[in-house]
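**Student:** Here it is, the structure in full.
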C-alpha cells in the first residue's frame with residue numbers, strides 16, 4: 001500500500017476502535033454484570049476491560065509487524081494456507097454477525113421510544129441501506145463520520161451516568177467483593193457481556209491506512225482503556241442507583257437510568273429520548289464500521305476489487321437474518337454466539353498468531 005493511502009491519524013484509529021466497541025452492548029451490560037456478580041458487577045466489567053486491553057496490545061503489536069497488510073492477508077502465511085483460510089472465514093463471519101444483531105437492537109430502541117408504530121421493514125430497511133452506503137465510502141470519510149458520531153454518544157452517555165449520581169446510594173454496592181455473589185450458572189451472561197468489548201478486530205483491518213503504523217499500539221490500548229472506564233463508570237452508576245436486584249430485572253437499564261434523572265431544564269426533561277437518539281448514532285458507527293470491515297475482508301479473501309459490490313450483494317442476507325431476531329431474548333442469544341466467537345479470536349487466535357510471528361522472526365513472513 002503506497003503512502004498516499006495512509007490517511008488515518010492515531011486519534012482516528014482510537015475513535016474507530018471506540019466507534020465499533022461502544023454500541024448496543026452497553027445498554028444491557030450493567031444488567032448482565034449484576035446477574036453474574038451482584039453488587040460487585042462493576043468490578044467484573046473492569047477486570048474484563050483489563051483483559052481485553054492486554055489482548056488489544058497483542059493484536060496491535062501483531063498488526064504493527066505487518067504495516068502494509070491486513071490480518072486477512074498475512075494470517076495464511078502464519079497459519080498455513082488452509083488453516084489461514086479457515087481463520088479468515090471465522091474472522092469475517094464474526095464481524096458479519098454483528099450487523100444483524102446491531103440492526104435488531106436499533107429496531108427495538110426505535111419501537112419502544114421514538115416510533116412505536118413504525119413498521120419493522122421500514123426502520124430496519126432504512127437503517128440497513130444508509131449503513132451499507134456509509135460502508136462503501138472511502139476509509140477516511142468513514143473515520144470522519146465516526147469521529148463526530150461516537151464523540152456525541154460518549155459525551156451524552158457519560159452525562160447521563162454523571163447526572164444519575166443524584167440518586168446514587170453507596171449501600172447498593174455492598175458487599176464490595178463476595179464470592180457468594182458470583183453466579184457461575186450465569187456463564188452465558190458472562191460470555192454475553194464480552195459482546196460489548198469486541199472492537200479489537202478493527203485494528204487488524206485498518207493498520208495499512210494509518211499514517212504512522214508505529215503508533216497503532218498506543219492508539220489501540222488507549223481506546224480499550226477508554227471503553228473500560230466508560231463501561232465501568234456506567235455500571236457503577238446503574239448499580240448505585242437501582243441496586244443489583246432491580247438492575248437484573250430491567251431489560252433496558254440504560255434508558256431507565258436516564259428516566260431517573262431530574263433536571264430542571266425543558267430540553268433535558270426527556271433525557272431518555274436524548275440518550276436514545278445519541279445511542280442510535282453509536283449503533284450506526286458499530287454497524288457501518290463492521291460493514292466496512294466485512295466488505296474489505298471478503299474483497300481480500302475473494303480477491304475482488306470492488307468492496308461496494310460485495311456489500312450491496314449482502315443486503316438481502318443481512319436483512320433476512322435481522323428478521324429472524326424477533327425479540328430481546330432471541331437477539332441476546334445471537335449476541336452470545338457472536339461474543340463466543342469474539343472470545344476465541346481475542347484470547348486464542350491473536351496470541352497464537354503473535355507467537356507464530358515472533359517464532360518466524362521476520363517482519364514479513
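Each Cβ is built from the backbone N, Cα and C atoms, and glycine gets one as well.
For reference, TrEMBL lists these features for the protein:
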type: TRANSMEM; residues: 12-36; note: transmembrane segment
type: TRANSMEM; residues: 42-64; note: transmembrane segment
type: TRANSMEM; residues: 85-106; note: transmembrane segment
type: TRANSMEM; residues: 118-136; note: transmembrane segment
type: TRANSMEM; residues: 148-170; note: transmembrane segment
type: TRANSMEM; residues: 190-211; note: transmembrane segment
type: TRANSMEM; residues: 223-244; note: transmembrane segment
type: TRANSMEM; residues: 273-298; note: transmembrane segment
type: TRANSMEM; residues: 310-329; note: transmembrane segment
type: TRANSMEM; residues: 335-356; note: transmembrane segment
**Student:** Does the chain bring the transmembrane segment (12-36) near the transmembrane segment (223-244), so that three or more CB pairs sit under 8 Å (pairs 6 or more apart in sequence)?
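**Tutor:** Per Cβ check, the transmembrane segment (12-36) touches the transmembrane segment (223-244).
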**Student:** Could you pull out which residues elsewhere in the chain have a CB under 8 Å from any CB of the transmembrane segment (118-136), counting only those six or more residues past its ends?
**Tutor:** 99, 103-104, 106-107, 110-111, 142, 145, 284, 287-289, 291-292, 295, 307-308, 311-312, 314-315, 318-319, 322-323
**Student:** Near the transmembrane segment (223-244), which same-chain residues lie under 8 Å Cβ to Cβ, leaving out any that are not at least 6 residues past its ends?
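**Tutor:** Apart from its flanks, the transmembrane segment (223-244) reaches 13-18, 21-22, 26, 29-31, 33-34, 38-39, 41-42, 45-46, 48-50, 52-53, 56, 154, 157-158, 161-162, 164-165, 167-170, 172-173, 196-197, 199-200, 250, 253-254, 256-257, 260.
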**Student:** Hey, which of 85-106, 273-298, 335-356 has the most Cβ-Cβ pairs under 8 Å against the transmembrane segment (42-64)?
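**Tutor:** By Cβ pairs under 8 Å, 335-356 leads among 85-106, 273-298, 335-356.
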